[in-house]
Ligand SMILES: NC(=O)C1=CN([C@@H]2O[C@H](COP(=O)(O)OP(=O)(O)OC[C@H]3O[C@@H](n4cnc5c(N)ncnc54)[C@H](OP(=O)(O)O)[C@@H]3O)[C@@H](O)[C@H]2O)C=CC1
Ligand SMILES: O=C(CO)COP(=O)(O)O
């Protein structure tokens, strides 16, 4: 059986995940959109821009040619910013093997269509749910790249496919659990970025652990409300792709979303924060699509609503925190 995996996307997570896959015995080819990044991976075994100082295993190579990356791959891992997936995948789709399984590592919801990444993959490629999977959990790229122990969820509607992927990514430092709840995993992953933005804002404003714990907990309630309305298993939200990822992202200074929020809390504008980094903070876009999804589903989403307003520049972070406390009171479990 082929053990060739293509990873489309040479950023922090695509590159860190190549280590997991190589440690799991796969032969990995990364596609990167800049030739110099691919050359450094091939010549120096390092992604200098995104994971400096991390040596990539010999089983990892890179190319700027997507056709070459995809040739012979029975597993295709997608790791580009969510809002760019549709355009990129439209170009890549003709070269994806007809039986290849596509795995989303992305944590966002498409603006406009409000599609989750698995839905974009299905629409663009015509693949059925048995060929589309998601891997999501508390997996900050730098820690995974340093092979610090972590767990994650491999979700696919077809449990046999989830188990096949589980075997392919299980490595000494990475423990995958299977799930059939693709929707729950994707919403947990996208929503925690929005919550991390608001936690970052609280940190930037100088507030302490009571504030951040309150926002994290209410963020989980908001995530669960929407995800369950759309059909997720509530236990998914209590698991690694829900609570686990929420805690990791909201607690860690390594999180781009939390850092983005912290800068907003300190008074920078969204444009200034975007200009200050090359890396993607998915929540800054997905707050708008998740809010629209919640509104469309009749679900109350105050955190997405307020984060969206701060990111859009129509509200300050301080006004957002005041508004959280001033909202009409209610029962905790409503
Ligand atoms: N980093 C992490 O810890 C984790 C990230 N994720 C998710 O993985 C996904 C990818 O994130 P991550 O790797 O961290 O992002 P990074 O910001 O680290 O890297 C983004 C990568 O995508 C490329 N890119 C940017 N814009 C486009 C575009 N329009 N078309 C094609 N490629 C593009 C960049 O190329 P270039 O260098 O040329 O700009 C770069 O290779 C996100 O959805 C994120 O939420 C999930 C779990 C963990
Ligand atoms: O998804 C992540 C950890 O699981 C990474 O979070 P950030 O995108 O905020 O860095």
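Each position is counted from 1, following the chain as shown.
A Cβ is built for glycine as well, from the same backbone N, Cα and C atoms used for every other residue.
For the NADPH site that TrEMBL gives as 12, 13, 33, 34, 50, 107, 256, 280, 282, the extra residue drawn from 141, 221, 224, 317 is 141. From the candidate list 72, 126, 128, 137, the residue TrEMBL records in the sn-glycerol 3-phosphate site shared with 107, 192, 245, 255, 256, 257 is 137.
In this structure the alpha carbons, written CA, of residue 255 (sn-glycerol 3-phosphate binding site) and residue 141 (NAD(+) binding site) are 9 Å apart.
Nearest to residue 257 (sn-glycerol 3-phosphate binding site) in space, judged by Cα atoms and limited to the binding-site residues 9, 10, 11, 33, 141, is 141. Long-range Cβ proximity for residue 245 (sn-glycerol 3-phosphate binding site), meaning a same-chain Cβ under 8 A and a gap of 6 or more residues, is found for 136, 137, 138, 139, 188, 189, 192. Geometry remark: residue 33 (NADPH binding site) versus residue 13 (NAD(+) binding site), CA distance 15 Å. Spacing of residue 9 (NAD(+) binding site) relative to residue 107 (sn-glycerol 3-phosphate binding site) is 14 Å (Cα to Cα, whole number).
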